[in-house]
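Take a look at the structure below.
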Amino acid sequence: MGARASVLSGGELDKWEKIRLRPGGKKKYQLKHIVWASRELERFAINPGLLETSEGCRQILGQLQPSLKTGSEEIRSLYNTVATLYCVHQKIEVKDTKEALDKIEEEQNKSKKKAQQTAADTGNSSQVSQNYPIVQNLQGQMVHQPISPRTLNAWVKVVEEKAFSPEVIPMFSALAEGATPQDLNTMLNTVGGHQAAMQMLKETINEEAAEWDRLHPVHAGPIAPGQMREPRGSDIAGTTSTLQEQIGWMTNNPPIPVGEIYKRWIILGLNKIVRMYSPTSILDIRQGPKEPFRDYVDRFYKTLRAEQASQDVKNWMTETLLVQNANPDCKTILKALGPAATLEEMMTACQGVGGPGHKARVLAEAMSQVNSVTVMMQKGNFKNQRKTVKCFNCGKEGHIAKNCRAPRKKGCWKCGREGHQMKDCTERQANFLREDLAFPQGKAREFSSEQTRANSPTSRELRVWGRDNNSPSEAGADRQGTVSFNLPQITLWQRPIVTIKIGGQLKEALLDTGADDTVLEEMNLPGRWKPKMIGGIGGFIKVRQYDQILIEICGHKAIGTVLVGPTPVNIIGRNLLTQLGCTLNFPISPIETVPVKLKPGMDGPKVKQWPLTEEKIKVLIEICTEMEKEGKISKVGPENPYNTPVFAIKKKDSTKWRKLVDFRELNKRTQDFWEVQLGIPHPAGLKKKKSVTVLDVGDAYFSVPLDKDFRKYTAFTIPSINNETPGIRYQYNVLPQGWKGSPAIFQSSMTKILEPFRKQNPDIVIYQYMDDLYVGSDLEIGQHRTKIEELRQHLLRWGFTTPDKKHQKEPPFLWMGYELHPDKWTVQPIMLPEKDSWTVNDIQKLVGKLNWASQIYAGIKVKNLCKLLRGTKALTEVIPLTEEAELELAENREILKEPVHGVYYDPSKDLVAELQKQGQGQWTYQIYQEPFKNLKTGKYARMRGAHTNDVKQLTEAVQKITQESIVIWGKTPKFKLPIQKETWEAWWTEYWQATWIPEWEFVNTPPLVKLWYQLEKDPIVGAETFYVDGAANRETKLGKAGYVTDRGRQKVVSLTDTTNQKTELQAIHLALQDSGLEVNIVTDSQYALGIIQAQPDKSESELVSQIIEQLIKKEKVYLAWVPAHKGIGGNEQVDKLVSAGIRKVLFLDGIDKAQEEHEKYHSNWRAMASDFNLPPVVAKEIVASCDKCQLKGEAMHGQVDCSPGIWQLDCTHLEGKIILVAVHVASGYIEAEVIPAETGQETAYFILKLAGRWPVKTIHTDNGSNFTSTTVKAACWWAGIKQEFGIPYNPQSQGVVESMNNELKKIIGQVRDQAEHLKTAVQMAVFIHNFKRKGGIGGYSAGERIVDIIATDIQTKELQKQITKIQNFRVYYRDSREPLWKGPAKLLWKGEGAVVIQDNSDIKVVPRRKAKIIRDYGKQMAGDDCVASRQDED
């Protein structure tokens, strides 16, 4: 490719080599850049020969420009190079790349304007439509194309998916290309649900608009004819400008790009939002010691996009920070690549760097370079070795701090603290040893920064207990338990290297907890030695072994064996580390804490500790001391006012004790959590796996940190015996057992931790429920166990241990109460107790065991056992077993004698579910894929209503099994049901409440399900017709039931202790008893009709059971319901017959009036039921029979929760006329009027009329020109009304008025034929809506509701004034149990016989005779020795 040098002539080449790559930079363009550019062009399939001319360069730039926004850094570099080359060809003088890009942009703008001018002059009608909302039409006018739904959809999708991550900004910029302010507001409206983000955006836009107004003051005097006014800040934001004005400004000559300006403001706001959602700074992005370079680069660029900086600054960040913040291993490689390395080269070079594998390779290489393996090494061998020097000031290699040109870094170069220089620094290597032990005579120094780091949940650390020959526990005892969090430590983000003193020489050595021995590089040590061979990563090396050698590490001494030989690095091994008391500590967990809050308005628990026995106090002190050492709890002082009781119980079948904290009070006060897992996993859903392991996470909750701000609320106190000393106070640092938030936070944290492992190993199945883990794979057992170890290490890195004790490697596996075998599963063995007498608690436990067993043992029944538990009984109450329950229990014992197993799920086969009827409303089912190999079994015995039939129960059972199958396997089974298709069809077609059931087939398993009787669809010709009715008096409970027939027969019976519903059923029973084999029955009871139409064959009601018996005996029965009895003679007669002396009000009288009212006003059913005292079913029937009310169904009247003074206004159009609608948001009350024109004058007049009738505080409108006019603003100012608009100035939607517009139009449609003019119909519709439709809050009409809201508001304000006055009083009171006066408490309410007070957070009612009310005169009232102050101190 050397031929590419011909691109430039000699003179041009000179110019080329004078142009700088960056403004103010040292590097300049060279020939190699042209060669590189030609190679890159070939990669992109562009002819490199185009570089030789300016026209060719222009074509290349045109090709590359669209890719700049989405392209890589290489494309940007190529574009910059070609742009500079174009300037050299065109003989345009430029000093650097930036100038060249500016010149190119200038030229492009000129050519664009020229092209537009030419197009305008020639009236070019065939112009291709650009992707901008403003285009030129055939007449040459600039018209607006609204932003497309597709664009809006893309914008909503990116916000929902990315949640304001940095990618949102370029996406918004691309989608909003050329948009008008109105389009931009539409885009913001679509994501208006993100209230916090929109509020921030609104503030930014307000600031920018104010700044625009400040920089562009309004010119004095009138605007010249033909000229446009200059836009204000609010015009640019689209609030006070029309679309035509916006188009005018954007297409004017010269143009004012209001769209681009507004877009820039929005992007500024989006930047702030992104910073809020992605708070990490680019300076904080550092590569972890074992983090792959690729992951680090991803994080780096993601954060870089969120930075608010120019492209130049971002380029500089990429060049410097990317390398600078890499870990030491990657940094060495990146520096070796040189400054001009591409990202691709960097990622290739750093592939596989980091972690133990990399360490092994480095050590192997280092050891292979050690040529001399002689036992004795001469000093001369080290003469020419030069150590690389590194500057303390700037951190660069090659010079020392004395010669450094960089500005001097503040403070000490060693420890980073200000106030001293490095030569005076008393710090040792990373404060490695405890100061009070390293320097016993000296004064211990502060460890503030180290302590902070020790408590940090994100650090890994190596910690030392400095001691002589004490054990760690003894040392801890000597220091009175102060060990835990005051230990110095060194984090493992860098290699733990310390300075050691051995044989009078100072050396640097690596602390290696993985090395058994201490190995030092060649040096002379006193005493005898013996030769030895030791194995290293690179093979075996010969060393000299010296025994009893004294080593001093930072002033602390240890004596042990030291090996001397050709090691690439000095290593202090475990033989000396154990003497020093060095421990490798895993912090609690480096995962992020989940923020937790108390419920609004609540404070933490303040429950007193109850007395404990001496034994329990000792146990608790012991447990808490151990927990404190482990960092699970910390001591707190008296400044923490919260407390929760603590106690201890003995563990089951053990002498060990267990600490329990009664968190009931804290649980009441803690926010609610969404339970991450909605149920437990089931073994039938497990796929058969070749290898399986079950793990248990040890101390699960104690491995997850608790939110720091919430810890104070978990405080508890261990009391002392006889109050000898103040109690010891602790608070939790981790998730406590028994606290309501622990399960949800633990499960969420565990899921996050397992996510990367699941992604890396998609073939491994991990079922996670709390601390139980089931891991299955199809790997060979050896590979599987390797993966298990990887998983255990992965969990360990996050602070979760998996104890060997609960690590199950071989089957059967005990998991979640199940027993898992390689090809089958069962429940863990179940033993039913043998008892002579059964208590309520015993039966509850028995039912629980049987329910658990029923998932694999088919045929288990518990209905009769459950009947024993009906009613409220004490747990210890003895219950005799009924004969049925005895029999049921005996059957269950027989079933459980034979062990039954389930098989595992095979995704390639279909699921089949088979149901059998067991009688007495009990059903059993099996789910399988192959016959006789059940996945799981179960039972169903629930009666959803008092009256049911087998078909209905069968449907409910099928739906239960379907739901269960979807949860376990994610699909529905095919059903085999004991019911014939004809029976099912006969019931299903008539019974409208039957819901969907999946695919099924008939299986002839007795007993079959059948319908015992069927109701006729049409009246039976020739059969006697019975008009039945019943009535009861609510007070006396006396009633009558009877019938009248079309053949003149009649009968009435008197009833006692009855209800209206019972009498109606009794009447039907009479009719059935006294009729032949065929009968027509007419009733006015919707209740009775509902029961019988469902064709029940069993019922808990004796009366309904008797009716069922009668129905089964009949050949044909027709049952009808008549809502309006008038006109049906039989019904009128029977009404008079049964209601004599019984009914107080007959609802039938109101039906006619209600129907008349509905024909006029089309009132909804609630209004009619309320006004005419009708039963809801009758009122609904009247609405249902009205053809005009069935067009769009019943309107929903849900209310928006808003303050009483807010109204929404909008204009809607009907029949070519304009209707101005105002809605009172809180009540739904409407004011509407037909206005002659949509002008500011008419709108202002309407608003003033509205303000004269109702208290209007705020009006909320859209950005229509009539609402934004100065006339309306003046009217609002005069009436003291605040005006609000849509986004961005107020994110509240126009939803209420929009829905009311539709509702109003619907009502107008119902009454339009009653009025000649539309304005009359509008007022009729307003009247109907406000006073004839009830529903929503309080069941009122809108008119009643607005009056109620305003009245309540006035009362509340008055009450508030009184409350404010009453709160100035304090109350001293006496409890009934204690003679001492308590207080002072706050007075909340004062009644005739009692007062309501608030003492701390408790609200109490105290009788007046036990309360003294005084005015709050301030603190001086309570003297030092007054009763109140003494009480507080206690």
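First residue shown is number 1, and so on along the chain.
Keep in mind that glycine also has a Cβ here, set from the backbone N, Cα and C atoms.
Bear in mind that the values here come from a model prediction, so they are computed numbers and not experimental data.
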Same Mg(2+) 3 site per Swiss-Prot - residue from GLU1233, GLU1238, GLU1298 joining ASP1210, ASP1262: GLU1298
Long-range Cβ neighbours of the region 'Interaction with membrane phosphatidylinositol 4,5-bisphosphate' (73-77) (under 8 Å; 6 or more residues past either end): 40, 64, 67, 318, 342-343
The region 'Interaction with membrane phosphatidylinositol 4,5-bisphosphate' (73-77), counted residue by residue under DSSP: helix, strand, coil: 5 helix, 0 strand, 0 coil
Distance, ASP772 (Mg(2+) 1 binding site) to ASP1029 (Mg(2+) 2 binding site) (CA atoms, angstrom): 63
Local backbone state of GLU1064 (Mg(2+) 2 binding site), from DSSP in three classes: helix
Surrounding CB atoms that lie within 10 Å of the CB of ASP1029 (Mg(2+) 2 binding site), all protein chains: 29
Cα-Cα distance linking PRO222 (site 'Cis/trans isomerization of proline peptide bond') and GLU1064 (Mg(2+) 2 binding site), given in Å to the nearest integer: 84
DSSP three-state assignment (helix, strand or coil) for PRO222 (site 'Cis/trans isomerization of proline peptide bond'): coil
Distance, GLY221 (site 'Cis/trans isomerization of proline peptide bond') to ASP772 (Mg(2+) 1 binding site) (CA atoms, angstrom): 80
Candidate nearest PRO222 (site 'Cis/trans isomerization of proline peptide bond') in space, where candidates are the recorded positions ASP512, ASP696, ASP1084 and distance is Cα-Cα: ASP1084
ASP1084 (Mg(2+) 2 binding site) and GLY221 (site 'Cis/trans isomerization of proline peptide bond'), distance between Cα atoms, whole Å: 81
